[in-house]
């Protein structure tokens, strides 16, 4: 017999869980978590777009660096999406939802040089890194704040690496 059931709350529907975080805290935390999931889905896709399409000086170094970034972004995305579900929410990670809700500007498909890609990536990594850092203090759930802190450390490092390669 399944113990999963929907529990009506004031602002949303949560899936039953024995996690005793306050329902209002769960609901607001899930909104913040999903905001970051959406940003990370977009950032992972953008990173791969740049990885595939750049050419020029320092190509191989940046190409390989971006693979590592994308792997880490996907790991954080997975952890954050799973936290949504742990709190009784539904993780919003589809391309359709991401397209509708991402704060990131559309990534240009008409750039080719390593430098142009690095500049475009720096703008987008900066937005996500700053938003994740802001989310740490927005949430009232310590476990979620800890998850965001881990992601923030990596995103700040990745932004630093990208900016350090811009000539």
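Any Cβ shown, glycine's included, is placed from N, Cα and C.
Summarising the annotation, Swiss-Prot assigns Fe cation binding site to 51, 78, 82 and lists sequence analysis as the type of evidence.
Note: residue 51 (Fe cation binding site) has non-local neighbours 63, 66, 67, 70, i.e. same-chain residues 6+ apart with C-beta under 8 A of its own C-beta. Other C-beta atoms found within 10 angstroms of the C-beta of residue 78 (Fe cation binding site) number 14, with every protein chain shown included. For residue 82 (Fe cation binding site), the same-chain residues lying six or more positions away in sequence with a CB closer than 8 A to its CB are 91.
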